[in-house]
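S.K.: Per Swiss-Prot, domain 'Obg' is recorded for 1-158, and the stated evidence type is sequence analysis. Taken from Swiss-Prot, the feature region 'Disordered' applies to 122-143. Residues or ranges marked as domain 'OBG-type G' by Swiss-Prot: 159-334. The GTP binding site annotation in Swiss-Prot covers 165-172, 190-194, 212-215, 282-285, 315-317. Per Swiss-Prot, the feature Mg(2+) binding site maps to S172, T192. The annotation domain 'OCT' is assigned in Swiss-Prot to 353-430.
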Amino acid sequence: MFVDQVKINVKAGNGGNGIVAFRREKYVPNGGPAGGDGGRGGNVVLKVDPGLRTLMDFRYRHKFKADSGKNGMNKQMTGRSSQDLVISVPGGTIVRDLTTGRVIGDLTDNGQELVVAKGGRGGRGNMRFASPRNPAPEISENGEPGEEIELQLELKVLADVGLLGFPSVGKSTLLSVVTSAKPKIAEYHFTTLVPNLGMVQLDDGRDFVIADIPGLIEGASQGVGLGFEFLRHVERTRVLLHLVDMSGMTEEDPFTNFRQINEELKKYNPELLERRQIIVPTKMDLPGSDEELKKFEKQVRADERYADFEIFPISSITHNGLEKLVARTADVLEEIPQHSLIATSDEETEKTYEFSSEKDFTIENIDDVWVIEGEKIEKLFKMTDTTHDESLLRFARQMRGMGIDDELRRLGARNGDSVQILDFVFEFVE
């Protein structure tokens, strides 16, 4: 089964907790703080594996979690950091944030890596909080939570050449003749339900990868038939061989079909019309094909949009014209840069950071309880060691520094009111 779109959940490892500990040795009465820091949690990394061709491995596994860092230890020893969780994906995988739809990365090169979730840093042990005013602090931090994100992985087949055309025009037959690929072939629509890849090797040592893009129909750009699933793969090719049936055995007019597919390309992505396109009239071994070809060529040359397109008629059965077509395709590929691909429209080329002056929290009164929410305050709370009073006092100072106390007073909170952050409930003190 060819799988080209999946949704997964990834969770990076949490940082290990720092600890409160003191040096206790004979003849060292004032050993001081000795609590070590926690180790860093593992990142979640996507890596291109040249041996993969589909996203099939994700069909039954959708959740991935990296290991957390180890807790700090006595004698100022830092906990062990965890290794990254590396997930293999095929080349041509586009990674999107499922919540925002933003493209996080485009993985095309063998061995290319992308960190999709960063592991949390280790919490600090009490030795980090020692100061002249507080030489023996009982303060430590829990590890920072690792990032968690829902992702959509979308595979776009990487090929130099794409075979384009209506169903049953002979794309699979051509692929089987010029390469060692063995696609399913039959005289009915949508025999090809997945992109098939093959390698074309010329006698002069040149080679290129060719993809049999499943047949398109009118309305494909709106998802009619199997349109969306197929059109995404066209974007990755550098040259399109547009196959047109010259057998005269169908009711459709060859030029009308040719024009319809170009209209679907335009609707799906106008930049696809700038892709180099070679017209390949097929089934030239059948009676009446020569007359159909003459009529078709005349219509093409009369349309200024297609007048400059090269035409290479072939027969995959008799092999007539195949050698010229393959050689010309290789020549055209040499004229087009390797990186001449359509960029994903919303892909970020640089990492940007947004700074906002708005509050990092919200406060809402629910059933006489002041509920505080916000990514920053919740993260600070998770990193607070609630088993030590000094750590709780430090968290209270952080809340005041963020303006939460002032906001509670402004909203009408009174002494003794219940305040909740996540599952932790405490009293508001004036």
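Count begins at 1; order follows the chain as displayed.
A Cβ is built for glycine as well, from the same backbone N, Cα and C atoms used for every other residue.
It should be emphasised that the depicted structure is a prediction, and the values quoted were computed from it without experimental measurement.
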S.K.: To the nearest Å, how far is the Cα of K283 (GTP binding site) from the Cα of S172 (Mg(2+) binding site)?
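M.R.: About 13 Å separate the Cα atoms of these two residues.
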S.K.: State the non-local partners of the region 'Disordered' (122-143) in its own chain: residues 6+ outside its ends, Cβ under 8 Å from one of its Cβ atoms.
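M.R.: For the region 'Disordered' (122-143), the nonlocal Cβ contacts are 14-22, 32-41, 68-69, 71-72, 76, 78-79, 81, 382-385, 388-391, 394.
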S.K.: Just name the winner among K171, K283 (the binding-site residues) by count of other CB atoms within 10 A of its CB.
M.R.: K171
S.K.: Can you work out the mean pLDDT of the predicted model over the domain 'OCT' (353-430)?
M.R.: 87
S.K.: With every protein chain in view, how many other Cβ atoms are within 10 Å of the Cβ of G165 (GTP binding site)?
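M.R.: By my count, 24.
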S.K.: Could you find out if DSSP has K283 (GTP binding site) as helix, strand or coil?
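M.R.: Coil, per DSSP.
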S.K.: Going by DSSP, is S315 (GTP binding site) part of a helix, a strand, or coil?
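M.R.: Reduced to three states, the DSSP call for S315 (GTP binding site) is coil.
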S.K.: At the Cα level, what's the spacing in Å between S172 (Mg(2+) binding site) and S315 (GTP binding site), rounded?
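M.R.: It is 13 Å, counting Cα to Cα.
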